[in-house]
């Protein structure tokens, strides 16, 4: 985290939906601004594995369904936890979520597929040489699949799409695909001009009537599509990213890395959801009557030793609770100092049970709209 302080200064109000709104009132500690923003088409939810991305994306989708005509929750995480979250099986086709008439879910695989990659022409010869030409662009196979996927998504008639993404590394790779496509397809287009004579000669010598112009028409189409996707990514009126983390070192570090990459790619990000936060048992930590104090009262009044033993066990639990609060407060303070002036930071409480099933997700989603102070430990 040594770069945290210097990197924080690079994050400006340009990350927010409304660059003219940089006052404290705008950065409320809830997601109301996100839900009420009817111009958004794509909302990406991402972060480190195991921090509650799926729960958060499902909750956001539920709230959006109350405001928008039609909502699609799209899982690009290979683990596909959305089915488990809703206790309902989803596939690669949009499926209506139980109890809703405008909220759909689908689970897709964004990894490389032999069935779709490089099939830009019916010619077997061309399909064999294109991969060779693109060997200098590692990951182009996945990028082409991603381009086809995003084109399909753009053709879907939903008011807004919520992306439940894979862990940070995979997500950053996915967001880099438009740049990779632009470079690779630009390379092929330039290659056409350099090798135009050779390609024409090959076409005249072969018997399978290769349609080189048709091939480059497809390449130009892919290039135009990739540019359009990139423009959509970088339009804060249409696309935004919600970062999800927990108040622990690795998660906060990955969140910082993710926000830096989003900033470099000019992708809007103005919301951070911090899950599994231990809140004080009362409005202030100092108001908690400690087990140590109770134990002193017991000793003063000569109550039986067996009851004293129970209080000692409770004291151990109290120590764990306070230690957890102190540890989380360290990272909550870092989050507040780094992003408090530019982001909606929403702290969600550690709950007693797993958030599975529509009712529990719906309850969690309501909490995303409720403002809560960042619970920094302060015993005095």
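Glycine too: its Cβ is placed from the backbone N, Cα and C atoms.
Around the Cβ of residue 77 (active site), the same chain contributes 53, 54, 164, 165, 166, 167, 170, each under 8 angstroms and 6 or more positions distant in sequence. Summarising the annotation, Swiss-Prot assigns active site to 77 and lists sequence analysis as the type of evidence.
According to Swiss-Prot, the feature ATP binding site maps to 48, 49, 50, 51, 52, 53, 54, 55, 248, 275, an assignment based on sequence analysis. Cβ neighbours of residue 50 (ATP binding site) (same chain, under 8 Å, six or more residues apart in sequence): none.
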Quiz item: Do any residues at least six apart in sequence from residue 48 (ATP binding site), in the same chain, have a Cβ closer than 8 Å to its Cβ, and if so which, in order?
Solution: 167, 168, 245, 246, 250, 251, 254, 255
Practice problem: Indicate the candidate from 52, 54, 248 with the smallest number of other Cβ atoms within 10 Å of its Cβ, considering only these binding-site residues. | Solution: 248
Practice problem: Between any two of 48, 49, 50, 51, 52, 53, 54, 55, 248, 275, the residues recorded as binding ATP, what is the biggest Cα to Cα distance in Å? | Solution: 19
